[in-house]
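S.K.: Residues or ranges marked as domain 'G-protein coupled receptors family 1 profile' by TrEMBL: 41-290. Residues or ranges marked as transmembrane segment in TrEMBL: 24-48, 60-78, 98-120, 140-158, 197-225, 237-261, 273-292.
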Amino acid sequence: MEYWNSTLGSGFILMGILKDSGSPELLCVIITVLYMLALTSNGLLLLVITVDSRLHVPMYFLLGQLSLMDLLFTSVVTPKALMDFLRSENTISFAGCALQMFLALMLGGAEDLLLAFMAYDRYVAICHPLNYMVFMRPRVCWLMVATAWILAYLNALGHTFYTMQYPFCKARNIRHLLCEIPPLLKLACADTSRYELLVYVTGVVFLLLPLSAIIASYALILFTVLHMPSNEGRQKALVTCSSHLTVVGMFYGAATFMYVLPSSLHSPKQDNIISVFYTVVTPALNPLIYTLRNKKVMGALRRVLGNYILPTHSTM
């Protein structure tokens, strides 16, 4: 099989879900609406957490980091996919593909670890409330966030470098929404079996180990909640934890499908649907899931909008 020189101006062609769908225009509108929702909701949540001093506590600090990651993650993929469809131009350069892969892996990996730290935060808050500000003091929170970003950065850098050093065949079509490891390895003109095993192992480490920690945290939380004497306290704990578990289920389900399940169980159509789910749908829904049932955040949102928007209208 012939090779093509990817370093001399050649690139890839992203054959995303928009091109292969039965109603691409309708899907384009839906993805655009979801992207705008993700930008607005995550941006507002970040603003509220930053501005309102009542939310300057560990739980909302970590939630702000989640919103930042979601905002960046969806912006790495969605604008290019929409612009490519509107311009009927689906090419991406070799360097652009490497950059997109690196950013997507880093942001996805950081979010994966952050969700585990958020579960630990809820465990401490519910099971050890008297020691909460000791276990979750600012230094510990910053260490958690730094750990998530640094480990994700190193993992993404290694995988991006190793994936892009393979020789690729003349067929440049990536049947996927974005540059990711599984669809790119299908274009490689070399034996990738050992590297696929490495991808599987890192997928287990980055996905299943944090997921196991989350499950353990919530098992202990459930045990504690069931023994709470107050119905009001039990209800409040369950509402907070159900929001987090919903987000965990959406994120880990999609990521596990892409990076842990064997490649024989994948199909381009399924992979495209899953990729839209965790790059577009999840970032749009996460802030809504966390805020709509949270009285503190909704109250802070009303205060911030009242202070920054209503005065502006009243002076016009």
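Using N, Cα and C of the backbone, Cβ positions are placed for all residues, glycine too.
Since this is a predicted model, take the numbers as computed values, not measurements.
Tell me about the surroundings of these features in the structure.
M.R.: Outside the transmembrane segment (140-158), and at least 6 residues removed from its termini, the chain residues within Cβ reach (under 8 Å) are 58, 61-62, 65, 101-103, 105-114, 117, 202, 206.
Remote same-chain residues near the transmembrane segment (197-225) are listed as 109, 112-113, 115-116, 119-120, 122-123, 126-127, 155, 159, 162, 181-182, 234, 237-238, 241, 245, 248, 252, 255-256, 259-260 (criterion: CB distance under 8 Å, separation of at least six residues from the stretch ends).
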S.K.: Residues sitting near the transmembrane segment (24-48): Cβ under 8 Å, six or more positions beyond its termini, same chain?
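M.R.: For the transmembrane segment (24-48), the nonlocal Cβ contacts are 17-18, 55, 63-64, 67-68, 70-71, 74-75, 78-79, 81-82, 85-86, 276, 280-281, 283-284, 286-288, 290-291, 297, 300-301, 304.
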S.K.: Give residue numbers and ranges for long-range contacts of the transmembrane segment (98-120): same chain, 6 or more residues beyond its ends, CB-CB under 8 A.
M.R.: 59, 62-63, 65-66, 69-70, 72-73, 76-77, 80, 92, 144-145, 147-149, 151-153, 155-157, 159-160, 163-164, 178-181, 184, 206-207, 210-211, 213-214, 217-218, 244, 247-248, 251-252, 255, 278-279
S.K.: Residue list, the transmembrane segment (60-78) vs rest of chain: Cβ under 8 Å, 6 or more residues beyond ends.
M.R.: 31, 35, 38-39, 42-43, 45-46, 49-50, 100, 103-104, 107-108, 110-111, 114-115, 117-118, 121, 141, 144-145, 148, 177-178, 247, 275, 279-280, 282-284, 286-287, 290, 297
